[in-house]
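This report refers to the structure that appears directly beneath it.
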Amino acid sequence: MSSSAAALAWRRSLRDALLRGSAWRGAPAANSAAARLASTASASEAAAGPKKVPPPPRKGRLLTGAMIGLAIAGGAYVSTADEAKFCGWLFKSTQLVNPLFALLDAEFAHRLAVTAASHGFVPREKRPDPSVLGLEIWGRKFTNPIGLAAGFDKNAEAVEGLLGMGFGFVEVGSVTPLPQEGNPKPRIFRLREHGAVINRCGFNSEGIVVVAKRLGAQHGKRKMEETSSSTSPTTSDVKQGGKAGPGILGVNLGKNKISEDATADYVQGVHTLSQYADYLVINVSSPNTPGLRKLQGRKQLKDLVKKVQAARDEMQWAEDGPPPLLVKIAPDLSKQDLEDIAAVALALRLDGLIISNTTISRPSPADTHPLAQEAGGLSGKPLFDLSTNVLREMYILTRGKIPLIGCGGVSSGEDAYKKIRSGATLVQLYTAFAYGGPALIPRIKAELAECLERDGFKSVQEAVGADFK
């Protein structure tokens, strides 16, 4: 791309983002009853006239202004710089915004970050990933193994922006069948000095209908991008990216708090959302939904997985078949629990496991923090050792036959490398991204590539489970 063409594209994207971002987004639907009475609610709102949306707090306006300023500066810079240098500059420049995010309420900062990504106020990675990071799994080629875990983009609002930042894959959700608000606020607590977060959000979700419409609209756009990119010559017969276009998209499914039939909730999620997913996740490990973790028991998990697999397989699929089905488990499990889960996974030929969700324990040094007693699941650096130990144990129990995604406490390329050597084929992060911002993504990928090359590995797949070989 020439510098003039790049500048024109940048200005157009900035203009479009400004137009789309002129109105601040309202809150999600309040409860499950609102979903069942959607038509009545819509009529009532029409009669009452448009809602008045309160302006964002002053800190939010300042932060938005700073982000727009960076975008304008980037537009000026790209006019005179080559694309690679511009990308590097833009990613590094986002670090200037991180201190401003720290001044905001945790949940408002998260909301603002999602809005920024959905409207294009984030850098877009144009540099190719190091070839050593590429791998193939489930018939899809990942350009790198670093993914964004579920919880950041709960309602699939910013998939394209997040994939564009350079993640190898993005997982949206957890998505529940009916809209629900989740637990009362405040429900997100920063333990900044420990690189950790405690949350008790409780599956706040706009529901599968809203998410399906959003993914459906994105699906068409991604399909066109895939068709366009397929005209370019390639040396590989495996598509780079997912069946719905460039980039791999996972959909994480949850259950409603008021639901008495968890299986029905997951089946409904599969029927509605699987057509847009490159892989599906059954989340049975959040500590913030009462009774959810009981589904990790051997009998309960076996019954659940069999019914969800059947629901997926009964749908009509093209040549590439149905999306892989994974289960996300907790780190707070006994040896017997892990053995039971491994047995179910092997017996039912589960496509993968995500290890792990947040912990209800308070690993050192987070246990000394004043907020440590807040209820909820802890994520971030203090979770790394616990989640990695569970990962290692599960790799042994499954004999390396089931792809594992390592999640929990990853904040550097070295951390990702340790997860891979411990048995992870892919790696996810979230909390470190919340603290470090977009600049973290290229740094982790570069560090991981250095680790692999340092130890003589020619690919990620060669290093998977290396500690046991």
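Glycine too: its Cβ is placed from the backbone N, Cα and C atoms.
Annotated features, as they stand in Swiss-Prot:
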ACT_SITE  S286  active site, nucleophile
BINDING   A150, G151, F152, D153, K154, S174, N252, N283, K328, S356, G380, G409, Y430, T431  FMN binding site
BINDING   K154, N199, R200, C201, G202, F203, N283, V284, S285, S286, P287, N288, N357, T358  substrate binding site
COMPBIAS  227-236  compositional bias 'Low complexity'
REGION    219-247  region 'Disordered'
TRANSIT   1-37  transit peptide
TRANSMEM  62-82  transmembrane segment
For N357 (substrate binding site) and S286 (active site, nucleophile), the CA-to-CA distance in whole Å is 7
Listed binding-site residues F152, N252, K328, G380; those within 10 A of N283 (substrate binding site), CA to CA, turn out to be N252, K328
The most crowded of the binding-site residues G202, P287, G380, judged by neighbouring Cβ atoms within 10 Å of its own Cβ, is G380
One should report the C-alpha separation between N252 (FMN binding site) and G202 (substrate binding site), rounded to whole angstrom, as 14
